[in-house]
Every structure is written in C-alpha cells, then in structure tokens.
Amino acid sequence: MDTQFLYEDDTLVVFRDINPQAPVHLLIVPKKHIRSINDLTETDAPIIGQMCMVARQMAANEGIAESGYNLLFNVEKGGGQVIFHLHMHLMGGKA
C-alpha cells in the first residue's frame, strides 16, 4: 500500500487514517520510534510540541480549525493502542 504523506519534515509525517472515524482523520507520526506515551523521555518533549504545532497547521489546511477538532493519543492496549509506535490522531469535521 502506498501512503501519501500530507506533510513531512525531519521529525514527523502526516497521513490519512485508513479506517477513518471522522470525516477528517489524520495520523501525526514521529519518525523516531517511540513505543507509546509511557516511553517518552525528556529529550522527546520537542517531538510532542512539534506534533501539536503540525496538528494545528493540518487542521487549518483541512478546514476544521474554526469548527473544532480532537487530538488523541491511545496509550497501551487498555487505552486502545493497537499500533505500538507513538502517533496522534487528529479528527474532526461533520459526521
């Protein structure tokens, strides 16, 4: 499967979720392997900040910044995490 990146820099990539739960459902994924939020270190803090800034930019690009959107991390199996590489969901748009 070819994944089209909507955004890419040295730290992150962004692409559409293959099983969207909202009209706009993007995944913001660091290139560095971090298993989950529980595995973050102090040196990873800039990655999380970059993820939030890119989420803001992507929400604007997708036309949902003004109407609102959700940012979500699923953490560990009990929290719904099924892909054990840190990623943030950006979801919004009218259902």
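Note: Cβ is positioned from N, Cα and C throughout, glycine not excepted.
Some features that TrEMBL has for this protein:
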| type | residues | note |
| --- | --- | --- |
| DOMAIN | 1-95 | domain 'HIT' |
| MOTIF | 85-89 | motif 'Histidine triad motif' |
| ACT_SITE | H87 | active site, tele-AMP-histidine intermediate |
| query | So how many other Cβ atoms are close to the residue listed as 'active site, tele-AMP-histidine intermediate', meaning within 10 Å of its Cβ? | reply | 23
| query | Would you list the DSSP helix, strand and coil counts for the residues of the domain 'HIT' (1-95)? | reply | 26 helix, 23 strand, 46 coil
